[in-house]
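Asker: Quick one: the structure is below, questions incoming.
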Amino acid sequence: MNSHEILLILAFFALVLVPAPFLGRYCFKVMEGQRNLLSAPLAPLERVCYRLFGVDPASEQDWKTYTLALLAFNLAGLVLLFSILMLQGSLPLNPQHLPGLEWTLAFNTAVSFVTNTNWQAYSGEASLSYFSQMVGLTVQNFVSAAVGLCVLVALARGISRRSTRQLGNFWVDLTRGTLYVLLPLCLLLALLLVWQGVPQTFFDYVHATTLQGAEQTIPLGPAASQIAIKQLGTNGGGFFGVNSTHPFENPSAWSNLFEVASIILIPAALVFTFGHYVKDLRQSRAILGCMLLLFCLGLGLSLWAEYQPNPALAQLPIEQGAPMEGKESRFGTAASMLWAITTTAASNGSVNAMHDSLSPLGGMLPLLNMMLGEVIFGGVGAGLYGMLLFVLIAVFLAGLMVGRTPEYLGKKLEAKEVRLLVFTLLVMPVGVLVLGAIAASLPGPASAVTNPGPHGFSQLLYAYTSGSANNGSAFAGFGANTPFHNLMIGLAMLIGRFGYILPILAIAGSLAAKKASPVGPNSFPTHGPLFVSLLTVTILLVGGLTFLPTLALGPIAEQLSLGF
């Protein structure tokens, strides 16, 4: 690594960690309806939204009502987006006269964006009109991120409140998260991207003649606005087919830095938001420390793996540097691996290099990030509520080891909460191992892999892991656009999203109804280095050990076949 690459990584951490505490406090004020920096310009618009949709901002909901409102909203969004994609050919802002999508692809895409996954079995510039990109996908990018924020806030209230059945109002939380948090940040990032050269236009595609005399079509469109929310909302779906490797999505080193840092900006800030809810920022620092430890470990190992020469070519009389296949030469290895680890540590899925071309170990680390449940920062809201599940599991295990009733911040964890926690541990294995095994065992679906041997298995494993983890990145050699995979990966995305949300809201409701006992000297501290170590080990063992056999059949076997 040279000095420029080291400076890039340091700048990345600075852009994320310096504003995170301030943004976290701002998010707390917003979600609790306190006066904040943008109250003056946005509060009147917020009140208009409530009047327009008949919402009483003073009323609150219990966990069941909150859950029903969330499910109804997501179902309506799914039906609306599916209809837009099917009827695309008859809708406006379609200068290329693109037809509607085939129904299984439309279903897969609608589920993908509603669940904040943004798995793309299509190429945006060749398949979707401007209307579908803006009114369909971009809207869901905003609201799916806001839904994740709502679930996190409900869980934080459940942990911090006492002897109540109320978790807040879903419609109020959704409005505030979108209006005060996502829209202002996306406006700022979109302007920065336009400054760097990302297109934001309704003009038709440009037809040009190259120097060799060949005809070329240059796609345009309102890209900057969608790219801003796809990064900040941890959505990840690209306006163009090759995502942020495309020079129109990511034209410069500055745009690359802005985009990769924005992936985990809000997830990092929400760690501090949680600290404000429980009135103990030490909890935030402990959770953030665990996240950073796992993140830096993955980044360091991936950089080491990608800077190694290919062992299969070691006997040849050639000088090898870091392999550059699948990487943008304008960014290089360090920027590519920083993005790969960041996009899979969060549930983002955007890419600035092709993960299918990484070394076996370099490709395994993004895969492992997803298998851990996207808790290393994770998605907007989704990452922290996933991490809090592991916090509760770690507290439960600590209670078993010392023979005490486990409790977290004064709230006792009883049989009901533990059963729900165990249920969430089964979500990823069902999506990855069960659905993936069905796909691998049938000859038709298995033909979607384009490589023989362990790497072909890794392609299929990555696809179903990405869908179940609501990430959306891919080993792009996998032929995903078939009716079977469209439906099965769509099912995996639904399981991965709502299989977590439903038990989390139930846990939040149960904890909110409990009384909190004062934290005393006999309580297990959840803010020191000992707990950070216990939490890290819990994530690696409980979250990662489940998938070790599948990793052995895929990337580990591929690495051993090349020579270590």
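The backbone N, Cα and C atoms fix where each Cβ goes, and this holds for glycine too.
Annotation comment: Swiss-Prot describes 4-24, 67-87, 135-155, 179-199, 258-278, 286-306, 376-396, 420-440, 487-507, 528-548 as transmembrane segment, evidence class sequence analysis.
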Asker: Count the Cβ pairs between the transmembrane segment (4-24) and the transmembrane segment (179-199) that lie under 8 angstroms and are 6 or more residues apart in sequence, then report whether there are at least 3.
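Answerer: Counting Cβ pairs under 8 Å, fewer than 3, so no.
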Asker: Take the transmembrane segment (487-507) and find every residue of the same chain, 6 or more past its ends, with a Cβ under 8 Å from one of its Cβ atoms.
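Answerer: Answer is 63, 66-67, 70-71, 74, 104, 107-108, 111-112, 115-117, 119, 121, 151, 154-155, 158, 167, 382, 385-386, 389, 392, 417, 420-421, 423-424, 427-428, 430-432, 435, 438-439, 445, 463-464, 467-470, 480.
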Asker: Mind checking which residues of the chain, 6+ beyond the ends of the transmembrane segment (376-396), have their Cβ under 8 Å from one of its Cβ atoms?
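Answerer: Distant contacts of the transmembrane segment (376-396): 116, 145-153, 155, 159, 232-234, 264, 266-268, 270-271, 274, 287, 290-291, 294-295, 298, 345-348, 369, 406-408, 413, 417-418, 421, 424-425, 470, 500, 504, 507, 524, 526, 531, 534-535, 538-539, 542-543.
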Asker: Would the transmembrane segment (135-155) and the transmembrane segment (286-306) count as touching if the test is at least 3 Cβ pairs under 8 Å, pairs 6 or more apart?
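Answerer: Taking Cβ pairs at least 6 residues apart, the transmembrane segment (286-306) and the transmembrane segment (135-155) are not in contact, as fewer than 3 fall under 8 Å.
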Asker: For the transmembrane segment (286-306), which partner among 67-87, 258-278, 528-548 gives the most CB pairs under 8 Å?
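Answerer: Answer, by Cβ pair count: 528-548.
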